[in-house]
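K.L.:
Before I ask anything, here is the structure I am working with.
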Amino acid sequence: MKRREVLNTAAIATATTALVSCTQTNTSSVQAGLPNVRWRMTTSWPKSLGTFIGAETVAKRVAEMTNGRFKITPFAAGELVPGLQVLDAVQAGTVECGHTSSYYYIGKSPALAFATSVPFGLNAQQQYAWLYQGGGLAAIQKIYANFNVINFPAGSTGAQMGGWFKKEIKSVSDLKGLKMRIPGLGGQVMSRLGVNVQVLPGGEIYLALDRGAIDAAEWVGPYDDEKLGLNKAAQFYYYPGWWEPGPTLDVLVNLNAWNRLPKEYQEIFKTATVEANLTMLNQYDALNGEALTRLLAGGTKLVPYSQEIMQAAQKISFDIFEENASKDAAFKQVYEQWKAFRKQIFAWNRVNELSYENFASSSQ
């Protein structure tokens, strides 16, 4: 190497070192003026399931990006409050935040279902596009503001399965009188199909199914369902999970606690929730296929829903949407926006995604 090149290289290295040192000093100086914050995050999940990773990711990344000044401790369902009472606890300020599914709270506002997933709705990719680019998140946050809460998407399981059944379900008539664990608007659809709907937190599903308190149950997909042991309590595994094609989980934050955070911490928190979305979805996409292979090898019977059931469920779903829109202004506002976005993105994805997937999957 020529002497001039050596000198230039040395100069660049020196400048780079100085710049990094300056940046680190400036960052430390900025963070030195920021407060130490300690939050508690209740959740709707057992720690053993993949859904808990959304809460863990947010907590881990917030701590890392603030050099430990802002720490959030996630708790499993039941450790602080019951799994289906996260919104109540956050609203009351019992905890600063919680990780949950918004559709658990449609009794408070039916439109909250759109924050998670609705029957025959958007897949995970489409859901994110609607939330972040189609105005969906702003619309949902407007509803949550009525509860003194702000929400941020923080995880997705991807398209879910259609549930575990102790007997085969070949037609709509086979659903009548069946006791099934299924929440959200999907539960309302099943109810109209004759199902006796139950809503249970994840940690209670296996025992209820195993002991005959329920005849069927849906949770997430092969990876988590296997962990819960649902394959040991029922044999028939149905697909697709038409009621949750792209469910998003949320972090709910008490607005008073949120407004007390420095702007820097708010931005870090939001960044961590976006990372939680990617982390959880990637995990489920990678692990569900492996788990399904194990389940099938162990005797699980994989069965598609009949066209009769699918068509009946789809019709009832949109009947319920229209009924809710006619009597609930917030639901109507979100639904009309969502419906327009769904129509547009479905048309586009038929061209760019579905055409390829249909060919590629059929040619394997």
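Numbers run from 1 along the shown chain.
Placement of Cβ uses the backbone N, Cα and C atoms for every residue, glycine included.
The signal peptide annotation in Swiss-Prot covers 1-26. Taken from Swiss-Prot, the feature substrate binding site applies to TYR103, TYR104, GLN160, ARG181, supported by similarity to another entry. Summarising the annotation, Swiss-Prot assigns Na(+) binding site to GLN160, GLU218, TRP219, GLU244.
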K.L.:
C-alpha of GLU244 (Na(+) binding site) to C-alpha of GLN160 (substrate binding site): distance in Å?
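P.N.:
Answer for this pair: 6 Å between alpha carbons.
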K.L.:
Rank aside, I only need the closest one: which of the binding-site residues TYR104, GLN160, ARG181 has its C-alpha nearest to that of GLU218 (Na(+) binding site)?
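P.N.:
Sorting the binding-site residues by distance from GLU218 (Na(+) binding site), the top entry is ARG181.
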K.L.:
Where's the emptiest Cβ shell within 10 Å among the binding-site residues GLU218, GLU244?
P.N.:
GLU218
K.L.:
Do you know offhand how many angstrom separate GLN160 (substrate binding site) and TRP219 (Na(+) binding site) by C-alpha?
P.N.:
8
K.L.:
Work through the binding-site residues one by one (TYR103, TYR104, ARG181) and name whichever has its CA nearest to the CA of TRP219 (Na(+) binding site).
P.N.:
ARG181
K.L.:
Determine which residues of this chain, when TYR103, TYR104, GLN160, ARG181 are set aside, have a Cβ within 8 Å of the centroid of the substrate site's Cβ atoms, and list them as they appear in the sequence.
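P.N.:
Leaving out the recorded residues gives SER101, THR116, ILE182, PRO183, GLY184, GLY186, GLY187, VAL199, GLU218, GLU244, PRO247.
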K.L.:
Near TYR103 (substrate binding site), which residues of its own chain have a C-beta under 8 A away, given they sit six or more steps off in sequence?
P.N.:
LEU112, ALA113, ALA115, THR116, SER117, VAL118, PRO183, GLY184, LEU185, PRO247
K.L.:
Taking the centroid of the Cβ atoms of GLN160, GLU218, TRP219, GLU244 as the Na(+) site, which other residues of that chain lie with their Cβ within 8 Å of it, listed in sequence order?
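P.N.:
Nearby residues not in the site list: THR157, MET161, GLY162, GLY163, ILE182, VAL220, GLY221, GLY241, TRP243, PRO247.
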K.L.:
Just going by other Cβ atoms within 10 Å, which of the binding-site residues TYR104, TRP219 has the emptiest spot?
P.N.:
TYR104
K.L.:
If you count Cβ atoms within 10 Å of the Cβ of GLN160 (substrate binding site), leaving out that atom itself, what do you get?
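P.N.:
Other Cβ atoms found within 10 Å: 25.
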